[in-house]
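Colleague: As listed in TrEMBL for this protein:
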type     : residues : note
COMPBIAS : 1-21     : compositional bias 'Basic and acidic residues'
DOMAIN   : 171-309  : domain 'Nrap protein'
DOMAIN   : 313-452  : domain 'Nrap protein'
DOMAIN   : 460-617  : domain 'Nrap protein'
DOMAIN   : 634-829  : domain 'Nrap protein'
DOMAIN   : 831-983  : domain 'Nrap protein'
DOMAIN   : 988-1122 : domain 'Nrap protein'
REGION   : 1-43     : region 'Disordered'
Amino acid sequence: RKRHSQGKDKTQNKLKSKEDGNGVPANAKRSKPEDQGEQDAVLRPVKLSRTELYKPPTVEELNQLKEAESLFHCSLLKMQMEELLKEVALSERRKKQIDSFVKTVTEALQSVPSFPKVELGDLSWLAGSVKVPFIMMPAENAGKFQMAPPASVDLIGSYPLGTCIKPRITVDLAVTIPAEVLQTKDDMNQRYPRKRALYLAGLAQHLSSSAEIGSMRYSCLHGNRLRPLLLLTPSGKESSNFTVRLHACLPPGYFKPSRFHPQRNNIRTKWYTGLDSSDPEPPTPHYNSSVLGDMLPRAHLQFLSAVSSQCPAFAEGVALIKVWLRQRELDQGAGCFNGFLASMTLAYLLSKHRVNNNMTAYQLLRNTLHFLATTDLTETAITLARKPDSTAPSLPEFQDAFQVVFVDPSGHLNLCAEMTECTYKQVQHEASLSMQFWDDATVNGFHALLMTPKPLERTSDHIFQLLELVKLQASCKKLKLLSELMDHSGNYVRTMLPYILSLLQQGLGQRILLLTHSLSPDPEWTVEAEPPKHKAQPPLSFGLILRPDYAASVLERGPPADSPKAAEFRKLWGPRSELRRFQDGAITEAVLWTGESACEKRLVPRQIVNHLLQLHADIPESCVRYVGAMMDDVPSTGEEESLKVVQSYDDLSRKLWRLEGLPLSVTAVQGAHPALRYTQVFPPKPLKLDYSFFGKEKSSRSLLPKEGKPCPVYIEPITVVCHMEGSGKWPHDRVAIRHLKAAFHLSLGELLTKEHSYTCRPCPTHLDVWKEGYAFRVHVAYHREPQVLRESVGPDGLLVVRDNEAAQALELATVHRPLLTSTLHGLQQQHPCFGAVCRLAKRWLGAQLLSDDIREDAADLLVASLFLHPAPFTAPSSPQVGFLRFLRLLSSFDWRNNPLVVNLNSKLTAADYTDIKNDFVAGRDSLPVMFIATPSDKKLSLWTKREPSVQMMQRAVMLAAESLKVLEPQLKDGTQIQDVKVAMRPPLDAYDVLIHLLPKQVPLLKQAVDPPLVVFSRGTEAGKAGTPGGAMPVIDYNPVALYLSELRDSFGDLALFFCDPYGGTVIAVLWKPKAFKPVPFKTSEIKARRVEVKGEQAHSVPNVEAIVEDFSVMGKDLVRSVEARTERWSV
């Protein structure tokens, strides 16, 4: 008792010490204390009294709960966004480092020395190796320049506004050029931009002597060569944490804004070309906006600061928009939708009361995306100017000069001056796509919105690049774009880009949903180097998101011959346009593209792009690198072969339906083979057999392989399930049912032979039908047979129903697989490239020796999920992009914590998704590693129940990630070796034994990733399959598969065996580590083991030498050699 009372006293003393003056536990306070000490940073468990524990929620807490319920699908989404904002926000430590470095740079800038005035072209004052960050073309320019300390140094941009986020931290400093350096006519003929560049070079020369400044590099503001920047990083360990950008700016109000009206000219033709011209001077709107932009950064900061002070969540809202833009690669490069534009857009919505000052960051993001999705700035201009002065341009005047118009608060500057129409359309498309899946409770909105990167090669169906950009100079001459070239200060790439985009948009028309282009990255170079030429930038990349209904059409039908638009059509297409008469009697202009196979038709857009660029811009085909179908021949497309298989199956199905004379009628005929859903990697082809190649067995009219000849062609049976009607005539005994099914196989064979002259071979389990060069394997099914297999009579005579593997396997083969086949066949009709993506994915799985772990049905479901749930993308419309997304799904999906739900036919509701997730979480430990749920299989994941194992799943994830690393750079970079088969060649270093097979006996050798040059005769002839009848060849004979099965049966407890089923000539063997542990000797467990005696104990261990020898013995005449890598295993 005494000990207990002492403990109680101690506890009370502790509680008293934690209480404040009012006797309330200090740690139990709901709100944070204002003065947080350093100790508060350490989180400790809080003890709450019973009163505090059950205290009613405060008004603030009730509001938070209501907000989470009404605005978010669940409170998880709210927490995810809050965590993201914490993750991208700058820490206090980082802010102190930035403030310290900014102070250092500011102090250094105040001591810039003065130099006397010199001619603008005289660089003698610029000592050392520092170069001027400007291409002085034309070289002549009048005017004076002198170096002087800056008038002021101010923080501008996102950092002082509080919207700067990680990971790329940039801090902007505006260095005001003193007025004495400038002259009143510096706005003309690039004088001011050149003085700006000279001033930056002077600053670089001065700062180069500072020990506290690490690296110094030049760059350009959003790729604009008229607005160079000086990039500074601190010295030491902090050099890579952030970058300070120095902007040389005009003194506020130095020039009248009206001098930079978009219809005014500030670059004279004579100065630029050196030639006299009588034509009126053309306007220079892009040059004007570049100079005007240097006068307004402080005014913009003041405007945004005033707006953000009224809206507490402004900074967080901008941060979320920035993350959204960054994941879509829209926030960097020339003409991008940068963070500054994001801030201005949100400010516009606040000023127009489209959003409320009290909204949360989540609401601000949602409303901004809704605004972007529904507002086309290429058609409708918007302005932040409330009362612009009388000299400010009107919105129509801005629209005449620029493709996208968003006017700043001054009323004089278009914030989107450099943005192309296609870039804004891409922003609009992405915002619209985001809004579509935002409210979809079946989509992980947070992950799709803010966590999934969308690079061009994974977003666009087709990609092409313009190489040798220097050829665009000639294009400018052909199109007579001198005035535009002057406006862009000689940047012929930026000059040509809008014309190329307009041309392609016009030519591709209905074939594409969206045309996008890469945003040229901001160039960076050292202060000792000359500025890079325009041609030095990376190739221009373009992306096409295709409309599957129109993209592959080989006919471009134009207007009638007598229509006024016919001339315009002929001008666009040139000599390819011709008059054609159609079946409806119309005579119209038309263009016919070449394309026989589905693969060739998919590349019609390439023909269009090459033709238009050559015809109108003199860009030869050699300068266009089109990467729309780099993977279509790995494997071959297979669409035509699949279609023929389906047509032959449909014919057989109709004939089975119409058979008369059966005891029971046929109720259903269902395909249960990948070829019937267009997903077979190499669909069966109709074969014409060379009878001289085979031996003949007369009694059964069969063709047998001859000894000594190469293995005959592999004939894969196409599985068909034939359901017979239910009747009381069916027995209730499992053996009797099997006998009755065998009788049906006999009857079906006799009737098909009698009525249609097909060669049939009935078996107890199936009926093989040789039809038009195809082999169909018909299984008769009785719908109650799985239930009969589950029933048994117990010892007490009672009926016991117990699930078992035989019933599950039969149900899978006769119910689930036919249903899956018909469903995926329907998906192929909606998405023409679904089958091609499946074939690529399964060819990759086979090549990487994973096809026995991720089976065909599971692989098809994985690909189906890409089409049914493409968020944040659109559904793939080319095999290439579908395959890349398959690899991304396999490598990045959280298989451990989430089920992959494939909502076939949209049968699952939001409640079903929740139930599947809850059931998955509750039973995770007993469920498969890869869990795939479908409407007919919500709890078991039938298709991945047995495989893959944890280890093989990890390997698949790793190989998918590595394959992506190999493939995506090839699509982006034309300088790399273009061999996509690299991703199909498996690494064999990890295996212990390699069994090399004789190519002569590998029937599928032609399907190998790298087929050998030697071709073996396999008993087939060229030409169409013969008439019905004839001898039946051996079906489903693949010695490699049979040998592999024997190896697994014999040594499956000791090793894993892997082989590429599509022409692989190597079987890779991996020993199981647990199998090599010595076990006590037992005479019943001596198979493939040898005995070792140590002292008085006898143990058995695997007899590796004998096992390896058995590999050769079992594979006699099939195995060429066995390569045992002895250093990789030990007993």
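Placement of Cβ uses the backbone N, Cα and C atoms for every residue, glycine included.
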Colleague: Grab the pLDDT values for the domain 'Nrap protein' (988-1122) and give me their mean, rounded.
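Modeller: Mean model confidence (pLDDT) across the domain 'Nrap protein' (988-1122) is 85.
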Colleague: With pairs 6 or more apart in sequence, are the domain 'Nrap protein' (831-983) and the domain 'Nrap protein' (171-309) linked by at least 3 Cβ pairs under 8 Å?
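Modeller: The domain 'Nrap protein' (171-309) and the domain 'Nrap protein' (831-983): touching, no.
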Colleague: Could you name the stretch, out of 171-309, 313-452, 460-617, 634-829, with the greatest number of CB pairs under 8 A to the domain 'Nrap protein' (988-1122)?
Modeller: 634-829
Colleague: Using DSSP, how many residues of the domain 'Nrap protein' (988-1122) fall into helix, strand and coil, respectively?
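Modeller: With helix first, then strand, then coil, the domain 'Nrap protein' (988-1122) has 37 helix, 38 strand, 60 coil.
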